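Okay, so here's the structure we're looking at.
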Amino acid sequence: MNGTEGPYFYIPMVNTTGIVRSPYEYPQYYLVNPAAYAALGAYMFFLILLGFPINFLTLYVTLEHKKLRTPLNYILLNLAVADLFMVFGGFTTTMYTSMHGYFVLGRLGCNLEGFFATLGGEIGLWSLVVLAIERWVVVCKPISNFRFGENHAIMGLAFTWIMACACAVPPLVGWSRYIPEGMQCSCGVDYYTRAEGFNNESFVVYMFTCHFCIPLTIIGFCYGRLLCAVKEAAAAQQESETTQRAEREVTRMVILMVVGFLVCWLPYASVAWYIFSNQGSQFGPLFMTIPAFFAKSSSVYNPMIYICMNKQFRHCMITTLCCGKNPFEEEEGASTTASKTEASSVSSSSVSPA
């Protein structure tokens, strides 16, 4: 084995010289240069500075403007709540521990950090799945006369929390466990060991199947069908310039959504699966650290993709920030009108993300 396994930790370094120490008790500067820990703390601080305001603003603007309190926006708010879970439960903890060079908060802190980071990420992921299903049902109309209402939104919210808890809770109760990973300043699911009594192997297979592959398949199917529906509508109205603009807008939205999902999770999932399927192989602490924290940065660009591209929300946000007046009123109003005209040629509901 090319690492050192101890009680509730695994460090990717063989303890041949006796310098390896518990990540709960001693700085881990023998893994990487102390400057790397400072850089990690600075990056977490940067994510907090961006992630908290944009997600809090999303919640505040939606509550302030009644016209934004639509059933679909319940899901978008859920996405913002998930991102705030990651900011408060994950980023602040990691920033604090990286300043010390080890997981100074102990086992309890590791469990809490791992739980909240996993819960926030999973709520966000399953919220995207619900959004994809809603767009597919409303635009492609596989169910005739379906209208997405408040009850559907509430069921969608409950579904995201149930699925998120189904992934985040088991490591707290003995099915797998949370341990420090990478540079030992943040905690995640144990992909690294076959620790007796924790059934890590079965949990990792379950997590990858039910909480990565299935969501990715659903999102790909729904947005693929949505794109086909837009193309078919555009082909039936070749002379309509507004329809062509609608096709380009939705195509761009779909590409951003799918790419955003893959950029968030594919590197982390790929590295985690590699470590799991090649346990005992040699890898450095940065091998898991970089994709893990790049995935967490989704709390910043999630709201940009799924909410800030909504013209109505953007108008309300600018109005709130500018104390009740939108200096770009004419431009925003024209854009919103054009968007509604474009959308009507494809679906009576909408083809934009909200």
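Any Cβ shown, glycine's included, is placed from N, Cα and C.
Keep in mind that this is a model prediction, so the values were computed, not measured.
Per Swiss-Prot, topological domain 'Extracellular' is recorded for 1-36 (among others), and the stated evidence type is a curator's inference. On the 0 to 100 pLDDT scale, the topological domain 'Extracellular' (1-36) averages 89 in the predicted structure.
Asn2 (N-linked glycosylation site) carries neither a helix nor a strand DSSP state and counts as coil. As annotated by Swiss-Prot, N-linked glycosylation site applies to Asn2 (among others).
Here Asn15 (N-linked glycosylation site) comes close to Thr4: these same-chain residues lie at least six apart in sequence, with C-beta atoms under 8 angstroms from its C-beta. According to DSSP, Asn15 (N-linked glycosylation site) is assigned to coil rather than to any helix or strand. For Asn15 (among others), the entry in Swiss-Prot reads N-linked glycosylation site, with the evidence type sequence analysis.
Tertiary proximity for the transmembrane segment (37-61) is limited to same-chain residues at least six positions away from its ends with a CB under 8 Å from its CB atoms, namely 29, 68, 76-77, 80-81, 83-84, 86-87, 91-92, 94-95, 98-99, 101, 183, 185, 289, 293, 296-297, 299-300, 303-304, 307-308, 313, 316-317, 320-321. What Swiss-Prot lists as transmembrane segment is 37-61 (among others).
Residues 131, 134, 148-150, 152-153, 312-313, 316, 319-320, 354 of the same chain, all 6+ positions outside the topological domain 'Cytoplasmic' (62-73), place their C-beta atoms under 8 angstroms from a C-beta of that stretch. Residues or ranges marked as topological domain 'Cytoplasmic' by Swiss-Prot on the basis of a curator's inference: 62-73 (among others).
Summarising the annotation, Swiss-Prot assigns transmembrane segment to 74-96 (among others) and lists similarity to another entry as the type of evidence. For the transmembrane segment (74-96), same-chain residues at least 6 beyond its ends with a Cβ under 8 Å from one of its own Cβ atoms are 40-41, 44-45, 47-48, 51-52, 55-56, 58-59, 62, 104-105, 109, 112-113, 115-117, 119-124, 127-128, 130-131, 134, 150, 153-154, 156-157, 160, 164, 185-186, 293, 296, 298-300, 302-303, 306-307, 354.
The topological domain 'Extracellular' annotation in Swiss-Prot covers 97-110 (among others) and is backed by a curator's inference.
Under the heading disulfide bond, Swiss-Prot lists Cys110-Cys187, citing sequence analysis as support. The local packing around Cys110 (disulfide bond), expressed as other Cβ atoms within 10 Å of its Cβ over all shown chains, amounts to 26.
Positions annotated as transmembrane segment by Swiss-Prot, on the basis of similarity to another entry: 111-133 (among others). The list of residues near the transmembrane segment (111-133) in space but at least 6 beyond its ends in sequence, with Cβ under 8 angstroms from a Cβ of it, reads 72, 75-76, 78-79, 81-86, 88-90, 93-94, 105, 156, 159-161, 163-165, 167-169, 171-172, 178, 186-189, 211, 215, 218-219, 222-223, 257, 261, 265, 295-296, 298-299, 302, 306, 353.
Secondary structure of the topological domain 'Cytoplasmic' (134-152), assigned with DSSP and counted as helix (H, G, I), strand (E, B) and coil, comes to 10 helix, 0 strand, 9 coil. The annotation topological domain 'Cytoplasmic' is assigned in Swiss-Prot to 134-152 (among others) on the grounds of a curator's inference.
Annotation source Swiss-Prot lists transmembrane segment at 153-173 (among others), citing similarity to another entry.
Residues or ranges marked as topological domain 'Extracellular' by Swiss-Prot: 174-202 (among others).
The local packing around Asn200 (N-linked glycosylation site), expressed as other Cβ atoms within 10 Å of its Cβ over all shown chains, amounts to 23. Annotation source Swiss-Prot lists N-linked glycosylation site at Asn200 (among others).
What Swiss-Prot records for 203-224 (among others) is transmembrane segment, and it gives similarity to another entry as the kind of evidence. Residues 122, 125-126, 128-129, 132-133, 135-136, 163, 166-167, 170-171, 175-176, 189, 191, 254, 257-258, 261, 265, 269, 272-273, 276 of the same chain lie 6+ residues outside the transmembrane segment (203-224) yet bring a C-beta within less than 8 angstroms of a C-beta in it.
Per Swiss-Prot, topological domain 'Cytoplasmic' is recorded for 225-252 (among others).
As annotated by Swiss-Prot, transmembrane segment applies to 253-274 (among others).
With respect to their backbone Cα atoms, Cys187 (disulfide bond) and Asn2 (N-linked glycosylation site) stand 20 Å from each other. Cys187 (disulfide bond) falls within a strand when secondary structure is assigned with DSSP. Asn200 (N-linked glycosylation site) carries a helical DSSP state (H, G or I). Cβ atoms under 8 Å from those of the topological domain 'Extracellular' (1-36) belong to residues 100-104, 106-107, 110, 177, 179-180, 183-185, 190, 192-193, 195, 280-287 of the same chain, restricted to positions at least 6 beyond its ends.
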